[in-house]
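Now, the feature entries from Swiss-Prot:
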type	residues	note
ACT_SITE	His349	active site, proton acceptor
BINDING	11-14, Lys25, Gln78, 83-84, Gly144, Glu158, Asn173, Asn230, Arg319, Lys337, Tyr352, Asn363	UDP-N-acetyl-alpha-D-glucosamine binding site
BINDING	Asp108, Asn230	Mg(2+) binding site
BINDING	Ala366, Asn372, Tyr373, Ser391, Ser409, Arg426	acetyl-CoA binding site
REGION	1-232	region 'Pyrophosphorylase'
REGION	233-253	region 'Linker'
REGION	254-452	region 'N-acetyltransferase'
Amino acid sequence: MTGRSCLTIVLAAGEGTRMRSSLPKVLHPVAGQTLLAHVLTAAPSGPGTSLAAVVGPGHEAVADEARHVRPDVMTFVQHERLGTAHAVLAAREAIARGADDLVIAFGDTPLISADTLARMRAPLQAGASLVVLGFHAADPTGYGRLIVDNGRLTAIREQADASADERSITLCNAGVMAFDGKTALQIIEKIGNANSKGEYYLTDAVSIVRESGLTAAVIETSEDEVRGINTKAQLAEAEQVMQARLRKEALDAGVTMVAPDTVFLAADTSFGKDVTIEPYVVIGPGVTIADGAVIHSFSHLVQASIGRNASVGPYARLRPGTSLGEGARVGNFVETKAAVLEAGAKVNHLTYVGDAHIGANANIGAGTITCNYDGFGKYRTEIGEGAFVGSNSSLVAPVKIGAGAYVGSGSVVTRNVPDDALAVGRGQQTVREGWARRFREMKLLAKKPKTG
C-alpha cells in the first residue's frame with residue numbers, strides 16, 4: 001500500500017476460559033509459535049506502519065510475547081472487558097496519531113495471512129471508510145451475516161435478528177476490520193452499549209458508517225483463514241490446517257516428503273534444495289535444513305541447524321543449540337544438545353553429545369556419553385579434528401580430546417588427551433583358563449538332589 005501509513009491493533013485481552021488452561025489463550029502454540037505471534041507476524045510492517053496490542057489486566061506475559069515477536073509494538077491494557085469496540089479504544093492514544101489506515105485483528109486467529117490484511121486496505125485507498133472481512137461458512141448458524149447491496153456492505157445481521165432470507169446467506173462476519181484512519185476514532189467513539197450485555201460492539205460501526213453517508217465494503221477470504229480459537233479442540237483443528245499449509249509450502253519449494261501427513265513442521269522451518277524428510281518426523285521451532293540433507297524417520301529437531309548433505313536419524317533427537325556441518329551424521333538413538341559437529345563428523349549410534357564441539361571427520365563410537373553435568377553445572381567436551389572415540393566410552397567434562405587422538409573402547413576419560421595420542425581408561429582384562437567349566441560343574445553339583 002504505497003504511500004499510506006497504517007496502524008494495526010491486535011486485540012489480545014480475552015481470558016479464554018473455554019481453553020480450561022492457566023495459560024492465556026493467545027499464548028497457546030500452533031506450529032511452534034503462539035497464536036499471538038502468528039497474527040503479529042502477519043500484520044503490516046516496514047516504513048509507515050505501526051503496531052499495537054491490547055492485553056488484559058495482569059497479562060504481562062502476553063505483553064512480553066508481543067514485544068518479543070515485534071519489538072516495535074505498543075501495548076495497552078483493557079482494564080474492563082466491555083466488548084470489542086471498548087478494547088480498540090484502549091489504544092486510543094495510538095489511533096489519535098492519525099495513520100491513514102487502521103486495521104483491527106484478533107490475537108486468537110493464527111491462520112490470518114499478511115496478504116489478506118494487505119487486501120483489506122485496498123478499498124480504503126479507493127474511498128471506503130470501513131472494510132469488513134467476510135467468509136462463506138459451510139454452516140453459517142450462529143455467525144453474523146454480511147448484508148451486501150450492489151457491492152456495498154449495508155449491515156451485519158446477527159443470527160437472532162436475521163430474517164429467514166437473511167439466514168440463508170452464507171457470507172459471514174470474520175470480525176477483522178479496517179477503517180479509514182481520518183474518521184476511525186469518531187466512528188468508534190459513537191458506538192453505544194444499548195444491548196442486553198451492556199457492551200460496545202465493533203460490528204455496530206457498519207450502521208454508523210451508513211448513517212453518516214460513508215461507504216462500507218467487504219473483502220472475502222476462506223473460512224479456514226479466520227478460524228478463531230476458543231477451545232482445545234479448535235486449537236487442534238487450527239494446528240491441522242496450519243500443518244497442511246506448511247507441508248504444501250515445503251513441497252512446492254522442492255522438499256521431498258515420503259508421507260507428508262506424518263511430518264510436523266514449525267512456522268519458521270527453513271529448507272534448502274533437495275531436502276528429504278522421511279515419515280514421522282517432528283520439526284520444532286528454529287530449525288534450518290540446508291541443501292541435500294536427509295532427515296530420517298522418527299527424528300525430533302528443535303532449534304538446530306543442519307548443514308549441506310548432512311544426515312539425521314532415524315530415531316534421533318536434536319535439541320537446542322545443535323549445529324551439523326556439511327556431510328555430518330547423527331544416527332539412530334543419538335541425542336545432541338548445544339553441540340557442534342563440524343563437516344564430516346559422525347555420531348552414528350546410541351550416543352549422547354551435550355555441550356560439545358566435535359571436529360571435522362571425527363568419529364564417535366556407539367554408546368559414547370559426554371558426561372557434561374555434575375549436579376551443579378554444565379561443562380564442555382572438545383573433540384579434535386579426525387579423532388576417534390571407541391564404543392561405550394564416557395568423556396567426563398570438562399575434557400579435551402586432541403586432533404587425531406584415539407580413545408579405546410570402554411574408556412572413562414577424565415583428563416585431556418593430546419593430539420594423535422591413545423587414551424585407554426579401563427580395567428585390565430584377565431583371562432582364567434577353564435574357569436567357566438569349573439563354575440558350571442560346581443553349580444550343577446549343588447543342584448543335584450541330596451540322598452538320605
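Glycine too: its Cβ is placed from the backbone N, Cα and C atoms.
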Based on DSSP, name the secondary structure state of Leu11 (UDP-N-acetyl-alpha-D-glucosamine binding site): helix, strand or coil.
strand
Acetyl-CoA binding residues Ala366, Asn372, Tyr373, Ser391, Ser409, Arg426: largest Cα-Cα distance, in Å and rounded to whole number:
22
Which residues does Arg426 (acetyl-CoA binding site) neighbour through Cβ under 8 Å, counting only same-chain ones at least six apart?
Gly408, Gly410, Ser411, Val412
Which listed residue (Lys25, His349, Tyr373, Ser391) has most other Cβ within 10 Å, given these are recorded positions
Lys25
Should Gly144 (UDP-N-acetyl-alpha-D-glucosamine binding site) be counted as helix, strand, or coil on the basis of DSSP?
coil
Cα-to-Cα gap, Tyr352 (UDP-N-acetyl-alpha-D-glucosamine binding site) vs Ser409 (acetyl-CoA binding site), nearest whole Å:
16
Quick check for the class: what is the C-alpha distance, in angstrom and rounded, between Leu11 (UDP-N-acetyl-alpha-D-glucosamine binding site) and the residue listed as 'active site, proton acceptor'?
49
Here the Cα-Cα span from Ala366 (acetyl-CoA binding site) to Asn173 (UDP-N-acetyl-alpha-D-glucosamine binding site), rounded to a whole number of angstrom, reaches 59
Looking only at DSSP and grouping its letters into three states, which state does Lys25 (UDP-N-acetyl-alpha-D-glucosamine binding site) belong to?
helix
Sort out the sequence-distant neighbours of Gly83 (UDP-N-acetyl-alpha-D-glucosamine binding site) for me: same chain, 6+ apart, CB within less than 8 Å of its CB, listed by position.
Asn193, Lys197, Glu199, Tyr200, Tyr201, Leu202
